[in-house]
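Listed in Swiss-Prot:
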| type | residues | note |
| --- | --- | --- |
| REPEAT | 138-172 | repeat 'PPR 1' |
| REPEAT | 173-207 | repeat 'PPR 2' |
| REPEAT | 209-243 | repeat 'PPR 3' |
| REPEAT | 245-279 | repeat 'PPR 4' |
| REPEAT | 280-314 | repeat 'PPR 5' |
| REPEAT | 315-349 | repeat 'PPR 6' |
| REPEAT | 350-384 | repeat 'PPR 7' |
| REPEAT | 385-419 | repeat 'PPR 8' |
């Protein structure tokens, strides 16, 4: 602003509203504190004066907002209340400065407040009557209206605003539409989300993006409509030129895997290949988890090999999933083979890896091999938990390795775990038969667990 214009504006300000208020707003650093002081000339303020203040370019917009909020929060101090026109005037001012969060806060009372709210058609009429703003600011206003309605659950009003903007050629922001879809999804309004997306598509306006498509695909998948989601992805690619990305496909992959719908999964993966969308690290993890949980262990192993070929980081837990899958089928040789491959490819085994190995070997009756991995656990300084100890002691006993079972129980006790009463009683029975002194120790442990074993009466113990 030139010095001449500034002096002219200042002169006008002096003439149109009380100079004390004007000076207050120009110089004060804290509007609320100043207005609350007894010296403040609040009686000089009326609705007409307020409107001129709020539109004055010499007064910072943040000061206008503070003054406006002070009036709303302290109605008893004023003989008037800001009307719709005043709300809109300040809203358009902050929107012209791209202060969107302030604009939404200013719109809340007139859009959703139980007492102050106005119907949308009344707000539109006021905008038409009062607005002299440029087209892009008007667009910001209506997009802000959509978000205020959406954030506060007024979903039918969102459609009303959308229709108005479409019919009056007001630019609809694609981000606004996506955020509204996310709000609908968050509120579990799946049907409304589908309907709104259809409205976006049918409007003929370029507002459908990969982001809004992904939200709707996720909504459809949450409802179990995987086929519809896949068909929508194909349709949007052909009709709108909107290509799905890996995030879109991950929603469908995750849904197929959770439902063990491998027929549909195959179609989704083929569509990915057709669209030249590559699986990422997370997609591989989801697929491997799904295949192993269903029992498609070989497919899961094939995916791990693909990950290695593509130089993707393969974590030990992925090998653990596959090894555990083979273990469930009793294919302990495959478990050992995978463990060897894991080491050769530089993937460091963790505690769970050893647990899968030991558990699988025990189930196959290969207890000695399982015990060797227990020693490897100690060498690698992994913590041995109670379940590992219990399994090994029971399996050693089952195959007749009484001394080994006793050794595991003793180590278990040294590590602060209490052995199960059943294994202690079984070991005690076996040791009593050969008059081993360790039997008494085991019976004592059982009794301390609150169980009276048969061995007590059988061998004359009380």
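Positions of Cβ are set from backbone N, Cα and C atoms, glycine also.
On a predicted model such as this, the values are computed, not experimentally measured, just so you know.
DSSP places the residues of the repeat 'PPR 7' (350-384) in helix, strand and coil in these numbers: 26 helix, 0 strand, 9 coil. Residues of the repeat 'PPR 5' (280-314) grouped by DSSP class, helix first, strand second and coil last, total 27 helix, 0 strand, 8 coil. Shown for the repeat 'PPR 1' (138-172): DSSP residue counts in helix, strand and coil, namely 27 helix, 0 strand, 8 coil.
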